[in-house]
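Following: one structure in structure tokens, then a few remarks.
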Amino acid sequence: MGVTELGKLIGREARREIKLENLAGRCIALDAYNALYQFLASIRQPDGTPLMDRQGRVTSHLSGLFYRTINLMEAGIKPVYVFDGKPPEFKLAEIEARRRVKEKAMEEVVKAIREGKRDDVAKYMKRVIFLTNEMVEDAKRLLTYMGVPWVQAPSEGEAQAAHMAKRGHCWAVGSQDYDSLLFGSPRLVRNLAVSPKRRSGEEVVEVSPEVVELDSVLKALKLKGREQLIDVAILLGTDYNPDGVPGVGPQKALKLVLEFGSLEKMLDTVLRGVSFPVDPLEIKRFFLNPPVTEEYALELKNVDERGLVNFLVGEHDFSEERVAKAVERLKKARARQKTSSLDSFFHGA
């Protein structure tokens, strides 16, 4: 999901840069699809194509998930990945629109290959990111072999992750998007699944994890509660109404909510006559009461070393030497977390 325009309203006073080590001992509910798409977009070969095994199956998402999760665990973080389930009915039209955009980009890739334009191939390949059911199941298998818990959400993954954070079972949601705040997560941690260095145009910039707290956002924007933040997001555009209200930018959206108090009042006044492809009040109700499950286990399990090697090296042609070294790192990180948990138990920390 993605409420990109909302991020423009969230200033530095509501953000706090941190180091991975600052999250040691914390359980972070990571938006699995968001992370996998990040890996698919960033882990590419020079020609723009993703990493693949000998059978032509994409492995960029597995490489990113494997090595980045180990980095998080070495920092003492307890990750749990939450996978999307069935999307709400009113999101299906947007999903179809995205599919058409990707198909158009693929046509441009084929054209660029035919014309020998390598730069164009790389450019358009980054727009052709498909996450298939097989790729998702492989990601779950990888996490299981690593002993890392994952949760299957009944609907939106960020809604489930936010629910777990609200209940205090996880400290925060990890995602690049801000939707978890709309779903009620007390905290959002961004930049966990991305490389510490990211290319911005021609420059390589340092990227640090940052914490965004819901209460700090509401205070900074002078909003009375999460419902008003949802109202602002709907005016700007969400995954369910990506175009938002024509002519309404971040500052105007905030001004309207502060002036009228609620989306309901605006629909009867200033927004009367505005056409919405999806009932905005239905979107609001979904953010406030999304489908979630209480059936999840967040405990880290033992590493299945043989399963990992067979899966990554045997099935997907990863380097045996690199995987062996990474598995040792994973086992050491897991052992340190167990020791830390025992120390906390016996010393009441």
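Positions of Cβ are set from backbone N, Cα and C atoms, glycine also.
From a predicted model like this one, the values you see are computed outputs, not experimental measurements.
Just one of Asp239, Asp243, Asp268 is listed by Swiss-Prot for the same Mg(2+) 2 site as Asp177, Asp179, and that one is Asp239.
Annotated Mg(2+) 1-binding residues in Swiss-Prot are Asp31, Glu156, Glu158, and among Asp84, Asp215, Asp231 the one listed with them is Asp84. Taken residue by residue with DSSP, Asp179 (Mg(2+) 2 binding site) is part of a helix. If you measure from the Cα atom of Glu158 (Mg(2+) 1 binding site) to that of Asp179 (Mg(2+) 2 binding site), you get 7 Å. Under 8 Å, Cβ to Cβ, and six or more positions away along its own chain, Asp31 (Mg(2+) 1 binding site) finds Val82, Gly157, Glu158, Ala161, Val173, Gly174, Ser175, Asp177, Ser180. Other Cβ atoms within 10 Å of the Cβ of Glu156 (Mg(2+) 1 binding site) number 28 in total over all chains.
Summarising the environment of Asp177 (Mg(2+) 2 binding site), the number of other Cβ atoms within 10 Å of its Cβ, over all protein chains shown, is 20. The helix, strand and coil residue counts that DSSP assigns across the region 'I-domain' (120-261) are 64 helix, 22 strand, 56 coil.
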